[in-house]
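Features reported for this protein in Swiss-Prot:
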- 99: ubiquitin cross-link (CROSSLNK)
- 36-83: disulfide bond (DISULFID)
- 76: N-linked glycosylation site (CARBOHYD)
- 1-28: signal peptide (SIGNAL)
């Protein structure tokens, strides 16, 4: 009788999972960075993970006179330019900030939230596919200049100060990304 019951329930559960997987609201919403779209990321989860980590890390960021994500970097970014800029910033955060901050996060015991944030940044970045078309060259150059402004400021700081500052500004990055988030 148990085998018969399992055989009846299993197809029903499979169907329910299949249907739930097709409902966009349950998968996460969508980022639309100009021509680049990313689905399956739930922005509130990113915010929650960030605040969990930042509440611990914030005490480390004592340099309030410098801002890495300046208005010149993030304001008035065209939709087309947003794909390139988001890709560059997320790649930098993953390869530089998160990579070098990992050991501190382990000490602070917020690895789960940090991993949620890093893994979602990786998913978003890997799905962003900026066009390599020559017609897009002026747009990609503009995004590159914005990123270099950020990167130069980062490089001018002591590495530990720069890492704390960059991590402390993830909320600025998330707020900017939220402008491209579709429900």
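Glycine is treated like the rest: Cβ placed from N, Cα and C.
Owing to the predicted nature of the structure, the values given are computational and were not obtained by experimental measurement.
Neighbour density around each Cβ, counted as other Cβ atoms within 10 Å, peaks among the disulfide-bonded residues 36, 83 at 83.
Cα spacing between residue 83 (disulfide bond) and residue 76 (N-linked glycosylation site): 14 Å, rounded to the nearest whole number. Residue 36 (disulfide bond) sits 25 Å from residue 99 (ubiquitin cross-link), taking the Cα positions as reference. Secondary structure at residue 36 (disulfide bond), as computed by DSSP, is strand. Mapped onto three states, the DSSP output places residue 76 (N-linked glycosylation site) in coil. Neighbour counts of Cβ atoms within 10 Å were taken for the recorded positions 76, 99; the minimum is at 76.
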